[in-house]
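Listed in TrEMBL:
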type	residues	note
TRANSMEM	29-61	transmembrane segment
TRANSMEM	73-95	transmembrane segment
TRANSMEM	169-191	transmembrane segment
TRANSMEM	220-243	transmembrane segment
TRANSMEM	249-278	transmembrane segment
TRANSMEM	285-310	transmembrane segment
TRANSMEM	322-347	transmembrane segment
Amino acid sequence: MENNLQKPPDPERVERTPDTSWKGLEIPIIGIFCLLLLQALVWASDFLIPVTAACLGYFVLNRPRRLLSKVGIAPVVSAALFTTILTALIVLLLVQLSAPAAQFIEDLPSLMDEIKQKLSAAGGTLEAINDATVAAEEIIEDQNAETVEVEVVSNTGVAATLFSMAPGFLGRILFALILLFFLIASGDMFLTKTVQSFERFGDKRRAVAVVHSIEDRLGYYLGGIAIINAGLGIAVAIAMHFWGLPSVVIFGFMAFGLNFVPFLGGLMGATIAAAVAFVSLEGTWAAAGVFVTYIILTSIEGQFITPLVISRRMRLNTPVVFLFVAFFAWIWSIIGMIVALPILIVLKIACDETKSLQTLARFLGDLNDDASAADAKA
């Protein structure tokens, strides 16, 4: 009878069937995560924008901080030096541009009205459209003769709206500068912690290579672009002065700032300059000349100067760059357009230095980048 008793099966020998009940939920979970991440990026933009700017500044300034540490300067002193210089430049920029920028913003509504009047006048570009609009309004008024017309007058102008945003903007700048100070003052602490988080020596060495490559290439790119954009701003200011436009300093700084935005920056600056010229110079041909002059200067910079200085060190897939800029413009507005390319550069460098992400790195690079990588392997 004892032989008839069956022994319980050995749990170690029992084949365990994998639990596949959650397999069908992978795609929905990933989709929900992406939607929540996107909403978080939009909702926390006031916090994430200065944090992103501070982190990019840390990557750029960490190598100069390391050079200063070799001559005996402490990281705290270097951080104080860098943040003081940046603060002084920002204050100087705000002081120099506050008066002409405020005047330009105050005149912006009247400028737009004057442009509309000139385009809608007899012989103007929008004369036919204006006549059709007037005829449609007359028909509507005839059908609704007894309708009481109510006019809504808003006391909040463009200048008041922009000035109300100034405290928040200055607060974000201050937060970014303070965070940048602490990041630089920490020295190589983040690099050390990153290395300590890996167990294998090869992973530690790869992490150091990624950080150093980001510091080198991102600093080279942003430094070179800043110098090139400064030269473009000076050239645009001189050209606008010869055209006789007012507030040429504004146009110079506008060209400097907008040129950090790939593809759209030059077009936006040329359009604004042409609109001001259309009113100030009293002529369509003069406005067209200003537009063409601005485009020629940005084209020379983009097609000859920047490729000579930058492109050999940083080759990116142009459609990917455009989509990246458009995406960050959608979630973070104009600031997102400025930081989009540096973020993409950091992503490209990290993928270049990580074997498991080589496929993504090749996708982010252009054809010349792939050819150079193949030559390097050969």
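In case you wondered, yes, glycine gets a Cβ from its N, Cα and C as well.
TrEMBL entries are annotated by machine, without manual review.
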Among 29-61, 73-95, 169-191, 285-310, 322-347, which stretch has the most Cβ pairs under 8 Å to the transmembrane segment (249-278)?
285-310
At an 8 Å Cβ cut-off, counting only pairs 6 or more apart in sequence, do the transmembrane segment (169-191) and the transmembrane segment (285-310) clear the bar of 3 or more pairs?
no
Restricting to the same chain and to residues at least six past its boundaries, which positions have a Cβ under 8 Å from a Cβ of the transmembrane segment (322-347)?
38, 41-42, 45, 48-49, 52-53, 56, 59, 214, 217-218, 221-222, 257, 260-265, 314, 316, 364
